[in-house]
Amino acid sequence: MLRGEKRMKKVSLKGFIAELKSSMKGEYFNALWPVGGFFIIFIALSAILMFFFQGIASSIMMNIMMVMYGMTSAGAIGLALLELLVALVLMLAVNFFYGFIQAAIQYAYVARFRNTDTKVTATSIWAQYKRLNKNQLWRLALYIGLFMFLWTLPLDIIAGIFARNQVVVITCRVLNLLLVIWKSLQYSQAYFLYNDQRPEFLGQSMRHALTASKRFMRGLKWNLLLIAVITIVLPIVVWLAIFGGLGYYGIYTATNFWIWFGFIVAFLGVVAWLPITYAATALYYQQTAPEQNLDTIFAGTFKSVEELTGQK
């Protein structure tokens, strides 16, 4: 622990839920339409692009087989590969765009908790989106993805080496799942800390936000995990178990009504819970940040102007 750094006082679950409920009164539906709308658009675009991606991939495999019989040319395969690349780029673009929207929603909720006169609406979310530094945000997302990949790689390699031993494979998968959860808790505040120190990140590595988040979360990981499970994970799991189960019941009994009803209601339930999910993540940061010293959290991370310009 750094000098001057103190362990955070844990957030009370009862008090957290009470404030979360209070923040939803009279404001829930104003936030639901933009938050849910962006999510539905993202799912629809992703599904369309995935459909085209799979279709192009199947076409490439078919063309490769036809080349063996002289029924197509290498140029046709090259054109199909180009189409596949375009589809992949579009899928990545959609994912990054929705990632920016998610950050804007979270920042809109932070602003709302800091100023109760501010409401989370389509206008406030779009205002947050326009002031985002997209270059910094996508670099931060890449850092998180890279570190997650590197942390899970050793166990994936072990599972691959011992692929025939199901005990080893399952053990590696479980350990990797626990590792991902733990690292996700450590990195959970990176976007919020970056946002509060945004001017300081000019010319700096976005890795510093992850370092700061790890320091911020010392002594808080189990507390955040409990709150996240109770307010986010458990309600969604219960809802999906009930109505997703109805959908599978419809498949089992070949009843179209229960298939459509179960899966549609399950999906709409997840959409309906999104404002609460974003509000909960922002509220946790807002309740823990005031007792933290950001100068201490970021100590030893940022380079001086002299170092950045090569004068030192």
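If you go along the chain as it appears here, the first residue is 1 and each next one adds 1.
Glycine is no exception: its Cβ is also placed from the backbone N, Cα and C atoms.
Counting residues 6+ beyond its ends, the transmembrane segment (31-53) has Cβ neighbours under 8 Å at 84, 87-88, 90-91, 94-95, 98, 101, 105, 120-122, 125, 271-272, 274-275, 278-279 in the same chain. What TrEMBL lists as transmembrane segment is 31-53 (among others).
The transmembrane segment annotation in TrEMBL covers 60-82 (among others).
Outside the transmembrane segment (88-110) by six or more residues, the chain places 34-35, 38-39, 42, 45-46, 49-50, 53, 118, 120, 124-129, 132, 134, 137-138, 141, 191-192, 195, 278-279, 281-283, 285-286 with a CB less than 8 A from a CB of the stretch. Annotated transmembrane segment per TrEMBL: 88-110 (among others), in sequence order.
Under the heading transmembrane segment, TrEMBL lists 140-161 (among others).
According to TrEMBL, the transmembrane segment annotation covers 224-251 (among others). For the transmembrane segment (224-251), the list of distant contacts is 11, 13, 16-17, 20, 181, 185, 188, 217, 257-263, 265-266, 269-270, 273, 276-277, 280, 284: same-chain residues at least six beyond its ends, Cβ to Cβ under 8 Å.
Residues 11, 16, 19-20, 23-24, 28, 31-32, 35-36, 39-40, 102, 105-107, 109-110, 112-113, 120, 188-189, 192, 224, 227-228, 231-232, 235-236, 239-240, 242-251 of the same chain lie 6+ residues outside the transmembrane segment (257-285) yet bring a C-beta within less than 8 angstroms of a C-beta in it. Residues or ranges marked as transmembrane segment in TrEMBL: 257-285 (among others).
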